[in-house]
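Listed features, source Swiss-Prot:
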BINDING   H130, H134, H140  Zn(2+) binding site
Amino acid sequence: MYIEMVDETGQVSKEMLQQTQEILEFAAQKLGKEDKEMAVTFVTNERSHELNLEYRNTDRPTDVISLEYKPELEIAFDEEDLLENSELAEMMSEFDAYIGELFISIDKAHEQAEEYGHSFEREMGFLAVHGFLHINGYDHYTPEEEAEMFGLQEEILTAYGLTRQ
C-alpha cells in the first residue's frame with residue numbers, strides 16, 4: 001500500500017511515522033486493500049478545527065478526520081477497451097487505487113492517551129486504524145455498525161500488538 005504522509009506539526013517522530021505506515025499496511029492486508037493508496041496528514045487542534053468546519057460543518061477540533069475519496073464522475077469502459085489501450089488501463093487502475101485521506105490531530109492524540117490511560121503510540125495507532133476503516137466504508141451510526149467497526153478495529157490493533165495497557 002502506498003501511503004503519503006505529511007507532518008504539518010513538526011512533532012511526529014520517525015518512529016511514529018513508521019508505526020503509522022506499518023499499522024495501516026497491516027490493516028490494509030486484513031481488508032485485502034494492499035493495492036490501494038491514501039494520504040495521512042498530522043495536524044494541530046487548530047488545523048483540525050479548520051478542517052472540521054470546512055468538511056463537516058462542525059465547530060471544534062476532532063481527533064481524526066477521514067475523507068473517503070468518492071469520485072463524482074462514474075467512468076465506465078468496456079473490458080475490451082482496457083485490453084486494447086494499456087495507457088487507459090493504467091490510468092483507470094490509478095484512479096481506482098486512491099481511497100482517501102486522514103487528518104490526525106497530534107494534540108488530541110496526546111489528550112486522549114492521557115484521558116484513556118494508555119500510551120500515545122496506542123492512541124495514534126487507534127486513530128490511524130479508525131480513520132482507515134472509515135475511508136473503507138465502515139461507520140458507527142447504528143449499534144450494528146458500531147459493533148462491526150469497533151470489533152474489527154480492536155482485532156487489528158490487538159493482532160498488530162497495540163493493546164490497551
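Here the Cβ of each residue, glycine as well, is placed from N, Cα and C on the backbone.
Bear in mind that the values here come from a model prediction, so they are computed numbers and not experimental data.
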Cβ-Cβ distance under 8 Å to H140 (Zn(2+) binding site), same chain, at least six residues away: E146, M149, F150
Binding-site residues (H130, H134), the one with most neighbouring Cβ atoms at 10 Å: H130
Zn(2+) site, defined by H130, H134, H140: further same-chain residues with Cβ within 8 Å of the Cβ centre: S66, G131, L133, Y138, D139, M149, Q153
